[in-house]
């Protein structure tokens, strides 16, 4: 009998989580662009960061997904440690939304009685030709399935099972020791199911069935706050020091938050009962979860800089992180499950990083070419490392995007995946051309190949056009280009092609005039590679124009 109950609970929880996933996927797709805009506008303002964490988690219904994403962004240097602390605080508040949905709609209003009607309403929307309607249809279907799962869960946890009550009761008679024990128990459940929302639902169901009291249920909810940190910790393994610090922030903030409330546990619980009068235990627990996380945020938000400094001392910087010559992929190369929009944001940030890299490679080449007497060994080695780095980035970003394409993306997301695969390929080609250019410069210097008198000035003038195009791409990368902006890109390409033709004529003229043939052929090769960079930039611009 006990085994049957456990299997029914697991099955019910599976239906609940499946509904939550479908609901989350639908709302993410419906709000995908808005979600990206919020993430891209995180500032150093800690309150904005808190709101960002709350907003994202309320949408994706997973604080774990948000904090794993934060670890990835800190790993890439796209968020500072200070910014990440605010987002993590907000994520803890955002995850309480699930408790309110389950408590108010699942237990108080018993909306599960209308679950099939909600699914029926969502079904025609799901098959609509309009993309937005399909997403909202998916959301409603998931919403209905979620409450069917909740209804199954309520029925599978019997309130009159004396054997189960007798099993739990002895562990509730140790006073404060029982509270500490159930904090640990709540953490273990969350670690097992990998979802604080799921463990919250289990606690609400057990409390509503009378299997556990308010104090035990509250303790388990606090434990779930600790258990949910496991995902961010696992995500930080093998990452940079700053990413490990962000994961440690999440753990310490949640642990200290629990310790703070444990000190005043009884008065705090009485305050919650005063705020929510009556015997609605699920509403009381939802309020406890919310006030608990809001209180901790208000207690610690004034100490964000101090928390950052403490974590920096606890997790010292590795020497490998301090060495600017050591190149390694910065972005967090693992898919955040069930949050396809966040995965694309990660890639967009890294594409921007790759654009900055190839621009720096071009500037390195120009520095070497314009200073031919300078010892260029260090610069050549630097560019060689950067070229190798760009190759790795193309390979891993493309692999990451192919993994993203297996996720449940909307039409815009699929378009972004194919566009970014093309863009990183073009950026890698720019990196290859920059490396070819510096090798030509090294060849000229080592073999003392002469160029005609104005050759260096001509190449530097030509490089200004190419650099202008690179700057244009850097400014617009990951953004949809307007028709006017694409026209501007075409004009830049036309200028580069026109100047190339002029310089080729000059080289042929020099050869006819008796100039060194090897020097003029090398000059033509330099012009050819620079013109190719312009071609790659135009390809990127055309792709950005098609990108939705």
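Easy rule for this one: first residue shown is 1, then count along the chain.
Backbone N, Cα and C atoms are what each Cβ position is placed from, and that goes for glycine too.
Features reported for this protein in TrEMBL:
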COILED    482-509  coiled coil
DOMAIN    353-436  domain 'PhoU'
DOMAIN    483-542  domain 'PhoU'
TRANSMEM  6-23  transmembrane segment
TRANSMEM  100-123  transmembrane segment
TRANSMEM  135-153  transmembrane segment
TRANSMEM  174-194  transmembrane segment
TRANSMEM  200-221  transmembrane segment
TRANSMEM  251-269  transmembrane segment
TRANSMEM  281-304  transmembrane segment
Interface check, the transmembrane segment (174-194) with the transmembrane segment (251-269), three or more C-beta pairs under 8 A: yes
Non-local residues, at least 6 beyond the ends, that sit with Cβ under 8 Å of the transmembrane segment (251-269): 85, 88-89, 92, 176, 179-180, 183, 214-215, 218-219, 222-223, 225-226, 228-229, 232-233, 288, 292-293, 295-296, 299-300, 307, 311
For the transmembrane segment (281-304), distant same-chain residues with Cβ under 8 A (at least six beyond the ends): 46-47, 50, 82, 85-86, 89-90, 92-93, 95-96, 99-100, 102-104, 106-108, 200, 203-204, 207-208, 214, 217-218, 221-222, 225, 253, 256-257, 260-261, 268-269, 271-273, 275
Tertiary contacts of the transmembrane segment (135-153) (same chain, 6+ residues out, Cβ under 8 Å): 8-9, 11-27, 29-30, 102, 105-106, 111-112, 115-119, 121-128, 201-202, 205, 410
DSSP residue counts for the domain 'PhoU' (483-542), split into helix, strand and coil: 56 helix, 0 strand, 4 coil
Residues of the domain 'PhoU' (353-436) by DSSP state, where helix covers H, G and I: 73 helix, 0 strand, 11 coil
